[in-house]
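Enquirer: Okay, here's the structure, questions in a sec.
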Amino acid sequence: MATVTPTRSRLHPSNPNSSSFFKAHLSSIYYRKTHLGFQPNVPRKWVNLSVGGGVRIGRTQHPVEINKRQRGCVVRCTAEGIERGLLVGGRGEEGRFEMPERFKVVALMACVMCLCNADRVVMSVAIVPLAAKHGWNSSFLGIVQSSFLWGYIFSSVIGGALVDRYGGKRVIAWGVALWSLATLLTPWAANHSTASLLAVRAFFGFAEGVALPSMNTLLSRWFPSHERATAVGLSMGGFHLGNVVGLVITPLAMSSIGIAGPFILFSSLGLLWLTTWTSRVTNDPQESHSISKSELRLIQAGKSDSPVNKGKLPPLRLLFSKMPTWAIIFANVTNNWGYFVLLSWMPVYFKTVYNVNLKQAAWFSAVPWGTMAISGYFAGAASDFLIKRGYSLTLVRKIMQSIGFIGPGMALLCLNYAKTPVAAAMLITVALSLSAFSQAGFLLNMQVRSKFIAKTF
């Protein structure tokens, strides 16, 4: 009987005369970088596959260390035909946390807006012991509080024109430097003479008048239109939070350091903020060296505005001939009237009407501003949500502005019947919380003059 000796196939791995069925030749490897968000640089390896004997069957690709890839969400821009990854934060190649540049801009803007209002509120609290020290009557208190607005009125126009010409970064930097200096000089001026106090307060208002036009212009350049209301809500949330910070810290600083304590503290914080702002922020995202290409595409694709014409200001006759301009002016006057009355007189109101001490008056005044900071963010998010759902921009702005005017008006009418400081604080809280919806109304409606936002402001 013949024996059959089994032969090993050349393709069998145990055959010493054959090679493996698949040989991965790594001689022709190259790397392709895919940008998911902010340059994660995820390499992918292309490998030639061949059968033993040199027969080539094709190519495949394998991800390299895919567990290190950052998470991201793909945003499809149908109109532009762009597909890009949008990261909300993650770890870069070297393990460091990375954040979109526009988020850094709005974070710094929220900080300076918080400082802006905190510097204003210091005088609203400090004026009570200053009046007792110098024997000021109620009429003179009103003059001191209004002197801030003497300079503020002029800088809103002049500062807006400067922002349109030179950009918001430089203008607000100079504004912070000057109002920090004025804050530092305020207690000295109060002890020197009433004329010097009024001059310093007017100069302080002139320097602070550039803050809101600068904010509006910078955010319009750094954020796509569908994120702009949220960005403004965050910045204005910091603005209103400054009232809380000023009202809480000022009595504590005065009790431990003296009347000059809070003025020195907040002026120092302004100069500290400047060191970060000047090195990290640019007027336009195109000028930034830190922004990724994907984020820049996202910002540019989400802009419906025409490019800003630097150096060319619109004629005032053209602006004043348009009904939207007058609507914005009327809304701004109405909003600021109620806002500055509450900002300047709320601590005095609680102390004189309800006979509470200065610290209690500051706390009763702080709660409404704190809730306004939170409601402003939700108003902006709700506005962006409605726009994304397909509602017209005009309708959304009208809804937000109606809430921002009708709601506070009803709450302040009821304030006449408040019998306790707690009830008064609750009604003022409702008024200011609903007033924050104006941020998604007239404040953003300045996009109708988007080429010259700051001058319109």
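Each residue, glycine too, has its Cβ placed from N, Cα and C.
Keep in mind that what you see is a predicted model, and the values were worked out from it rather than measured.
For 105-128, 140-164, 171-190, 196-219, 231-249, 255-274, 326-346, 366-387, 399-418, 424-444, the entry in TrEMBL reads transmembrane segment. Under the heading domain 'Major facilitator superfamily (MFS) profile', TrEMBL lists 105-457.
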Enquirer: Where among 105-128, 171-190, 326-346, 366-387, 424-444 do we find the most Cβ pairs under 8 Å to the transmembrane segment (196-219)?
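Expert: Per the Cβ under 8 Å count, 171-190.
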Enquirer: Looking at 140-164, 171-190, 231-249, 326-346, which one has the highest count of Cβ pairs under 8 angstroms to the transmembrane segment (366-387)?
Expert: 231-249
Enquirer: In the same chain, which residue numbers or ranges, 6 or more beyond the ends of the transmembrane segment (326-346), come under 8 angstroms Cβ to Cβ?
Expert: 117, 120-121, 124, 145, 149, 243, 320, 364-365, 368, 401, 404-405, 408, 412, 428, 431-432, 435, 438, 441-442, 445-446, 448, 456
